[in-house]
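Taken straight from TrEMBL:
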| type | residues | note |
| --- | --- | --- |
| DOMAIN | 70-250 | domain 'Malic enzyme N-terminal' |
| ACT_SITE | 93 | active site, proton donor |
| BINDING | 146, 398, 442 | (S)-malate binding site |
| ACT_SITE | 164 | active site, proton donor |
| BINDING | 235, 236, 259 | divalent metal cation binding site |
| DOMAIN | 260-511 | domain 'Malic enzyme NAD-binding' |
Ligand code: NAI
């Protein structure tokens, strides 16, 4: 415990124990009279928080309550999350964090991270010195350019880095002190925010690509200098910016993009298990994407990397993957394709009809990342089911109303043949007396664990191989019994146990690839365990 005393101690979230300060501590730290007389256990404090949460009328109010709790008492906050991670992750992160971001300027209380704005150009190295922790290991950084499915939210996007890093700790027990949320404020094109008197960001339009890239370069250089062991986790950037910047930095510094690599990894985890059910190999599949934005391209690249590990060349792997976007099938006559999309534009009949594309390309796997709900119609699902004994259909767009098809439609129209996952959690579906359990491809199985592996090994770079190791580790924690029910991911309630195993496997891969900046210990498991944060009051 540090030297804080009295009210200052009670106001420090890292040191505060509130009613759990014992009598001796109260006397030693000048707390006598500043707390009610009863000395409580952490368990009792957790009970009170759960009671108070139960009195909140909606998820946003619960979010605000938990944010306040994190500001008051960090240990208690994480102890509350640990009582039911699957429940609380939906509050501190997706979907409630989306509502919180929309309201950010209105519900704002404390900064909880750093705001680096274009006004500070040329001074970022100095500004980073203002952060009180010297050994930051992961920065999660967003420009607020594309927040979840909500578009450009500018500085309101800060809710995302904050929530994402809380998940590092809640899921994979990364020490909160080594994590730093950052909002790179480059303005916003969102008129509503620009006209909102409570908006907290720069009131200017977004910069040109060249200006943005120069600002990001300055940020990257400043981070390298101030926090040399730090990994930069890019999150919720506009799709084209996300792909371009990841390509620029992935082999240069320790960084990754969860929307691209994390989403790719969790999807590959689902596909590994789908292959166990359909008794196929990933390298033999034909994949069709509906949606070719950053999620589509990210997942396509990750599947291609996974296919390469099964023996295909880069060209062979990419030939097995096609994409379809708002303008139809990606093929060489299209003039509107980005450099990231071009490798997947294979010679084919141009079409804007998804069913026609399915019938021509005969995919075994159909993945929806289009943001458009209901687009996997009865005809689409029937076309997939006619071609495949067990069609793999992932409808990953979220929130719920954006899912390309519901679990019920997938099972109903495929007559129970579909191996299905969504980006959101659908309830089990019963058809003709048989119950199907839809899976949710949730990135939280992957990025906190990979984050822990990066922290533990001080990884120099974070290439796709690490995310594929994480995918495999996650997939392999699903039991045969669960697979028999069509379940593709581990129980969400087990996320902490699952993340530990995934972190260890990912760290082992980092050592194997020679990317660790520390010597390999005898036991990687022991290394990871030794670093794990526990939400308890230390002696
Ligand atoms: P984006 O906006 O970059 O890309 C959307 C793509 O869909 C574009 O290629 C666009 O042309 C295409 N599209 C739009 N309307 C279409 C239509 N009517 N027909 C065919 N294609 C159409 O979005 P991004 O970042 O790629 O995300 C896509 C979706 O994936 C979002 O809903 C997001 O929430 C979801 N997602 C899910 C994740 C998960 O489940 N773990 C993780 C990341 C994203």
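Cβ coordinates come from backbone N, Cα and C, glycine included.
Remember, TrEMBL labels are computer predictions, not curated facts.
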CB-centroid shell, 8 A cutoff, divalent metal cation site 235, 236, 259, site residues removed: 142, 146, 160, 164, 234, 237, 242, 257, 258
For the domain 'Malic enzyme NAD-binding' (260-511), mean pLDDT (0 to 100): 97
Cβ under 6 Å from ligand 1: qualifying recorded positions of 93, 164, 235, 236, 259: 259
Cα proximity to residue 236 (divalent metal cation binding site), best match among recorded positions 93, 146, 164, 398, 442: 146
C-alpha spacing of residue 235 (divalent metal cation binding site) relative to residue 93 (active site, proton donor), in angstrom: 13
Residue 235 (divalent metal cation binding site) as reference: those binding-site residues from 146, 398, 442 with C-alpha within 10 Å of it: 146
Cα-to-Cα gap, residue 164 (active site, proton donor) vs residue 259 (divalent metal cation binding site), nearest whole Å: 12
Under 8 Å by Cβ from residue 259 (divalent metal cation binding site), counting only residues of that chain that are 6 or more apart: 234, 235, 236, 237, 242, 294, 295, 298
Residue 235 (divalent metal cation binding site): secondary structure state under DSSP, collapsed to three categories: coil
Other CB atoms, at most 10 A from the CB of residue 235 (divalent metal cation binding site): 27
Sparsest-packed among the recorded positions, when each Cβ's other Cβ atoms within 10 Å are tallied, from 146, 164: 146
